[in-house]
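Participant: Before I ask anything, here is the structure I am working with.
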Amino acid sequence: MEQRKCYFCGKMLEPGTGKLYVKKDGSTYFMCSSKCMSNFALGRLPRRTEWTEKGKIQLKKA
């Protein structure tokens, strides 16, 4: 089975878990939790959120 990565936080998703967000243009985003889903819907950037994979990388650079 194919493992997917959470679009927002970067965590690996087990097959059959998580949420799928589909935009009107047909692009799809996989989310691991409602926390990631709500942050994405609010327009927050993963690199500015400290608990995400991309945010942790940004903290190391600063």
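These residue numbers are counts, starting from 1, taken along the chain as shown.
Cβ atoms here come from the backbone N, Cα and C positions, even for glycine.
Take a look at what Swiss-Prot says about it:
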- 6-36: zinc finger (ZN_FING)
- Cys6, Cys9, Cys32, Cys36: Zn(2+) binding site (BINDING)
Participant: Compute the centroid of the Cβ atoms of Cys6, Cys9, Cys32, Cys36, then list the same-chain residues not in that set whose Cβ lies within 8 Å of it, in sequence order, for the Zn(2+) site.
Facilitator: Tyr7, Phe8, Gly10, Lys11, Leu13, Gly18, Met31, Ser33, Lys35, Thr52
Participant: Going by DSSP assignments with H, G and I as helix and E and B as strand, what are the residue counts for the zinc finger (6-36)?
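Facilitator: In the zinc finger (6-36), the DSSP-based counts are 3 helix, 10 strand, 18 coil.
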Participant: Just to be sure I understand the packing, how many Cβ atoms besides its own are within 10 Å of the Cβ of Cys6 (Zn(2+) binding site)?
Facilitator: 22
Participant: Counting only residues 6+ apart in the same chain, whose Cβ is under 8 Å from the Cβ of Cys32 (Zn(2+) binding site)?
Facilitator: Cys6, Phe8, Cys9, Lys11, Leu13, Thr17, Gly18, Lys19
Participant: Among the binding-site residues listed here, Cys9, Cys36, which has the most company in the form of other Cβ atoms within 10 Å of its Cβ?
Facilitator: Cys36
